[in-house]
Amino acid sequence: MSRRNPPGSRNGGGPTNASPFIKRDRMRRNFLRMRMGQNGSNSSSPGVPNGDNSRGSLVKKDDPEYAEEREKMLLQIGVEADAGRSNVKVKDEDPNEYNEFPLRAIPKEDLENMRTHLLKFQSKKKINPVTDFHLPVRLHRKDTRNLQFQLTRAEIVQRQKEISEYKKKAEQERSTPNSGGMNKSGTVSLNNTVKDGSQTPTVDSVTKDNTANGVNSSIPTVTGSSVPPASPTTVSAVESNGLSNGSTSAANGLDGNASTANLANGRPLVTKLEDAGPAEDPTKVGMVKYDGKEVTNEPEFEEGTMDPLADVAPDGGGRAKRGNLRRKTRQLKVLDENAKKLRFEEFYPWVMEDFDGYNTWVGSYEAGNSDSYVLLSVEDDGSFTMIPADKVYKFTARNKYATLTIDEAEKRMDKKSGEVPRWLMKHLDNIGTTTTRYDRTRRKLKAVADQQAMDEDDRDDNSEVELDYDEEFADDEEAPIIDGNEQENKESEQRIKKEMLQANAMGLRDEEAPSENEEDELFGEKKIDEDGERIKKALQKTELAALYSSDENEINPYLSESDIENKENESPVKKEEDSDTLSKSKRSSPKKQQKKATNAHVHKEPTLRVKSIKNCVIILKGDKKILKSFPEGEWNPQTTKAVDSSNNASNTVPSPIKQEEGLNSTVAEREETPAPTITEKDIIEAIGDGKVNIKEFGKFIRRKYPGAENKKLMFAIVKKLCRKVGNDHMELKKE
């Protein structure tokens with residue numbers, strides 16, 4: 001692109017697949033050329049040379065065709081003027097060919113003194129600072145922190161006007177009393193000296209007289225008269241007219257007269273700050289003059305005086321031992337000077353703002369995009385010159401509203417932290433008006449899912465469990481209520497507990513007698529429920545059974561897993577008819593009574609199912625109505641008993657028979673009868689033709705043939721007859 005092609009190297013043929021947007025321009029130019037040729041070669045337009053036959057008659061000034069012809073003329077003149085620098089010429093257009101525009105790079109000499117910056121406005125609409133901004137527009141670098149608090153150009157101009165008006169007003173107020181107190185002779189003589197241009201001593205004498213008069217007039221001001229002091233305006237006026245010597249002499253005369261006046265009256269002269277006059281150089285006020293000499297605060301000792309170092313002991317010529325110290329080295333990194341310079345230049349961003357400050361754009365330097373942007377400049381000969389962009393800036397608009405500073409935002413947040421949001425108060429008001437205290441308190445209770453209606457009647461009630469509330473522990477911090485008789489203390493404690501239970505807790509409970517179950521909920525821990533028992537039994541099956549097993553509730557070792565699971569999921573089947581005495585002692589909770597009352601309306605069909613079968617004993621589970629038809633305890637329909645039911649009713653005493661007692665009796669019968677010995681036939685029948693799970697097979701054999709001897713025989717027979725299939729199964733060996 002930077003190479004300049006000679007005229008001979010261009011054959012004039014453009015590419016055939018060029019973009020069609022050039023076609024419209026080519027057709028327009030051909031039309032203009034044809035029209036100019038029809039007008040004739042004799043007439044010529046003003047300002048157009050007659051050498052070309054294509055240029056003809058006069059065209060109207062406001063006609064766009066005339067502007068096109070004028071442009072062609074300028075291009076032709078530019079090509080002739082630039083013939084020494086460039087050999088490129090615009091080729092005569094052919095209707096069958098496309099136009100070619102040469103592209104060249106800018107010379108290195110021109111690029112040295114040129115810096116090109118691109119400004120991009122990040123906005124959806126087109127931004128034109130000349131039309132969209134309020135002129136004049138200012139582009140400068142400045143600190144953008146707290147930009148909303150910085151003054152705009154309009155505010156600065158307004159304040160400058162106010163300050164200038166204030167200064168003029170103050171000068172007028174100062175000059176008004178001074179004009180009346182000035183001596184006429186002094187002013188006339190001063191004006192004469194200035195107009196006549198007399199020598200410096202003459203002006204000096206005049207200023208001395210004026211200053212002397214001013215001092216004499218200032219003395220009564222100390223004593224309390226109303227005559228104002230002389231103003232130093234005369235001295236400044238002399239200085240403004242070029243009489244500098246007069247000002248210095250006037251100052252000297254003022255000092256001498258003031259000193260004589262002070263000595264004469266014996267009182268110090270008080271000078272106001274406004275009357276002190278301007279300093280020699282206001283920029284150097286408060287600075288200390290340095291003469292280059294070193295100032296020492298310590299007193300100098302002459303010869304014959306006491307030496308301050310006389311009390312210091314001599315060192316004896318000893319020196320401190322210095323080892324071979326290694327020279328400390330540090331690593332230095334050479335910084336790029338261009339990067340350092342760029343960081344210094346871009347420390348403050350560019351800010352473009354208009355006069356009123358309504359349009360403020362802040363530019364950020366984009367280092368990565370500077371290499372991909374160029375400018376194409378149109379030259380006089382129709383070619384383009386490519387100029388690389390040095391820097392690219394992206395301008396973003398600043399907010400037109402004032403934002404909060406960090407301190408103001410923290411104060412706002414501190415104020416809001418103690419307040420409650422408005423919507424929350426409204427929500428609380430709706431709750432208070434639409435619901436009652438009973439509903440609001442009941443929301444805190446957690447509902448527990450009910451189990452099936454079939455298992456509801458068989459659920460054990462823990463109300464018979466009584467906790468010892470009178471037991472005292474060593475870590476109890478509660479002191480006894482009354483020191484005295486223990487029996488009276490116990491009665492008072494029980495009375496207080498009853499009152500607490502009978503108290504109506506915010507209208508949530510009905511007026512009814514407290515139950516023992518509620519006492520457990522308030523003052524003690526409830527007995528482990530069915531879920532807890534199920535979890536405990538599941539833990540006992542694991543390897544940590546010794547930690548969770550108890551002496552009271554031991555699992556029967558002769559029960560199978562199916563029996564244990566059935567026992568966990570179901571309540572005991574065999575219950576007594578005559579359980580009135582037990583039901584009186586057991587008082588169910590009101591919640592359970594309510595559930596039973598609701599379940600009573602639900603019609604349930606009587607069901608009967610087999611719970612377990614072991615050792616020719618079948619345990620049935622069913623409804624109470626069906627179980628009443630069977631005799632109590634163990635029953636064998638094949639055995640005939642010559643005992644009437646009436647005799648059984650008179651002889652037997654009703655006593656509660658539980659499932660655990662029946663299990664214990666069966667266990668005792670098993671212990672009395674000797675265990676059968678296992679044989680190979682039993683193993684073959686148990687395994688069968690297919691695969692068997694090893695664990696289930698072992699449990700089945702140990703349950704059917706208990707004993708250590710049968711266990712050893714089982715291992716020997718299994719090793720002899722079976723083979724392992726996988727990790728968990730086995731089968732009989734095929735012969």
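Every residue gets a Cβ built from N, Cα and C, even glycine.
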Say a student had to find the phosphoserine annotation in Swiss-Prot: which of Ser45, Ser231, Ser571 would be the correct pick? Ser571
Of 86-105, 106-125, 446-465, the range Swiss-Prot labels region 'Disordered': 446-465
Run through Ser492, Ser515, Ser588 and tell me the one Swiss-Prot describes as phosphoserine. Ser515
Going by what Swiss-Prot says, which of Thr200, Thr673 is noted as phosphothreonine? Thr200
Would you mind telling me which one of Ser217, Ser240, Ser364, Ser560 Swiss-Prot calls phosphoserine? Ser560
Secondary structure composition of the compositional bias 'Basic and acidic residues' (165-174) [DSSP: H/G/I, E/B, coil]: 10 helix, 0 strand, 0 coil
